[in-house]
Structures are given as C-alpha cells and as structure tokens.
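S.K.: Could you have a look at this structure, given as structure tokens, before my questions?
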C-alpha cells in the first residue's frame, strides 16, 4: 500500500466516533418540534417577560425569538448529520464536534437556568436525613466511635428541637406543604427547563463521544498520573469549598442570628427549609472531597455489603457530572440577575457577594474539572492493574 493510501486511511475516523449520532438525531428532532410549537402556540412558551423566574437568561427572550433560534438550531443539526452521513472524515468530525459543542452551550447556558440546580438541591436536602440515619446505623453496627458521636448529636438536636417547638409536627407539615406547593406552582415551567437541560446533555454527550472516538488511549503532559493528581487535587479542593458560604448562612437560620432572613419570613418552617438546604450544601462539600479521598475509591470497611470493595467510577462520575452541569447552567442567569438588580442595589460589591454565596459560575466548571480528574485517575489505575502502561510517564 502506498504512503498516500495510508494517509487517506488515517484521515478516516474510527466508526466508534459515530456513537454520537443517536443523541444528535433525537436532540435535533426534539429541537425542531419545540421551536415550531412555540412559534405556532405562543401561550405554551414558558419563559419571556411574563416568567416569574428572573434568575435566567430566557426571561429576556420572547417566544418568537426563542422559537426561531430553536428552528435554526434544528436546521444546523440536520446539516451536520447530513454531511456526516455523506462524507465522514477527520475534517468533518472536527466540524461536527464544533457544532455539538455550540449546541450544548446554547441549550445549557442560554435556554436552561437555576431551576434545575434548585431541584437537585431540594432532592439532596430531603434525602439528607435518610443518608444520615443509614450512615449512623452502619457506623454503630461496626462499633465505630464516629457513629456514636453523630447519633448522640442527632438525639440532642431532636430533643432541643422538640422542646423549643422547632420540630413540632405542625412546623414539619407546614414546611413540607410550602415546598410541595412551590414545586407544583412551577411544575410546567420546571418541566420545560429540564427539557432544555436534556437537549444540552444530549449534545454534550455527542460532543464527548466525538472527542473520545478512537483516541481514548492517548496521553499528554496534562493526563499523566502526576499531572492529574496535581491539578485534580487543586480543582477538587476549590470545588468542595464553593458551597460552604451558602451552607454556613443557611445553617445560621437554626440560631438566634439568622443572616439573610427577612423579618416577615422569620417562621420556624422557613428556618427549617434553610437548614435543610444548608445540610444539602454540606453533603455536596463532603462528597466532593471524596473525589480525592481513599473512600472515594474503596468503600469504607463499615459500609454494609460492599465494605472494602472498589467504588465503581460511575457512582461518582455520573452524579458529579450532573451537579457540575446544573451548577454551570445556573451561572449565566445568576450573573444576569445580579447585573439587572445592580447587585441588589450595592453595585459591583453586591454582584461579588451574590457569586460568593451562590458560586454557580465558578463552582460548576471547577466541579467538572474535579470529576474529570477523578475519572482519568481511576482509568489510569484500572489500566495499570491490567498490566498496561497507559498514561505512565
């Protein structure tokens, strides 16, 4: 075979790169349908100037503009799919990768907002007590001192809460009713936001498959074990610290000095809501540290059924990626809201303070980098265990 023939073959990407197509096809079809629907039925458009959620970019975009943008997005997707089907080369692969990235950015940073992150936050908040109880039981069954300490603290909190009336049944039911009513009133809008996030995820998945197709084994100066440990540790620590200011402020609602709680909202059920969200932020911080901790790779001995076994990488990568994406999606809307309100009347200092308390523009990308480092490190370990030298400098 001639050198020219070898060059031609080298210019043809591996078929593995075409794993992106199903996600792209589904996203393109859905995008075209939604765009046409919004243009034909303006009343179904959930965003725009009448939107009650202003921590978003879409409250500035009316139905005609949004519908038109989605139709154009669908046409671009059709063009990319057609070119890829007719002539699949490295040049086409790179062009389609650029299209996939732009589509993911458009749907993730423009059409989605903080409501997805809010849903995740409340999900973790309500799961928090169950996680705490299960952890304490597992620790105590193993005669772990930490478990007894946490159990004693929890019992003390319940006793104090019951005595002061904070944990009365009326307060708990009112708290649950308030949260349920809030989600019910935004149910339709939240559904649309989740759909936009799903389109972003579909194009993000397509971009990831395109970037990874045929090149998973390549190592660079940034992906060698030493470099991954170094930049991964920095990103993970920074990402873990991000939720702490919010957690601290919300947990202060359990004290006589509740910061950022208006007097007209100072009720036990509202304080409980803030405390739940503060605990959720703390859980996020702890789990993030797991990305660089031994227990993030091997289940602790006291863990029922799986103690001392290897942690499946997906158990950390999937939820970590979801939270990183949701936080990143919330960033543009938060910044726009801060600028529109002039930092709640405090100018640049107000905007900076808002980002410090709700650090989505920084937290999301940092967490994404931390998750990537964890994935690379686990892959290197797995490959080395198989006897290969992938990634070893």
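Each residue, glycine too, has its Cβ placed from N, Cα and C.
Residues or ranges marked as transmembrane segment in TrEMBL: 20-40, 66-88, 95-114, 120-141, 148-169, 189-210, 231-253, 273-293, 314-336, 348-374.
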S.K.: Taking residues 6+ outside the transmembrane segment (120-141), which of them lie with a CB under 8 Å of any CB in it?
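M.R.: 147-148, 150-151, 154, 179, 183, 276-277, 279-281, 283-284, 302-304, 322-323, 326.
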S.K.: At a C-beta cut-off of under 8 Å, are there same-chain residues at least 6 beyond the transmembrane segment (189-210) that contact it? List them, or none.
M.R.: 17, 19-21, 23-24, 26-27, 30-31, 34, 46-47, 51-53, 93, 96-97, 100-101, 103-104, 106-108, 111-113, 115-116, 119, 183, 325-326, 329
S.K.: How about long-range neighbours of the transmembrane segment (231-253): same chain, 6 or more residues beyond its ends, C-beta under 8 Å?
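M.R.: Distant Cβ neighbours of the transmembrane segment (231-253) are 222, 259-261, 270-271, 274-275, 277-279, 281-282, 284-286, 288-289, 291-292, 356-359, 362-363, 366-367, 369-370, 372-374, 376-377.
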S.K.: Of the listed stretches 20-40, 95-114, 273-293, 314-336, which one has the most C-beta pairs under 8 A with the transmembrane segment (348-374)?
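M.R.: Most Cβ pairs under 8 Å with the transmembrane segment (348-374) come from 314-336.
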S.K.: Going through 20-40, 273-293, 314-336 one by one, which has the most CB pairs that fall under 8 Å from the transmembrane segment (95-114)?
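M.R.: Going through each listed stretch, the top one turns out to be 314-336.
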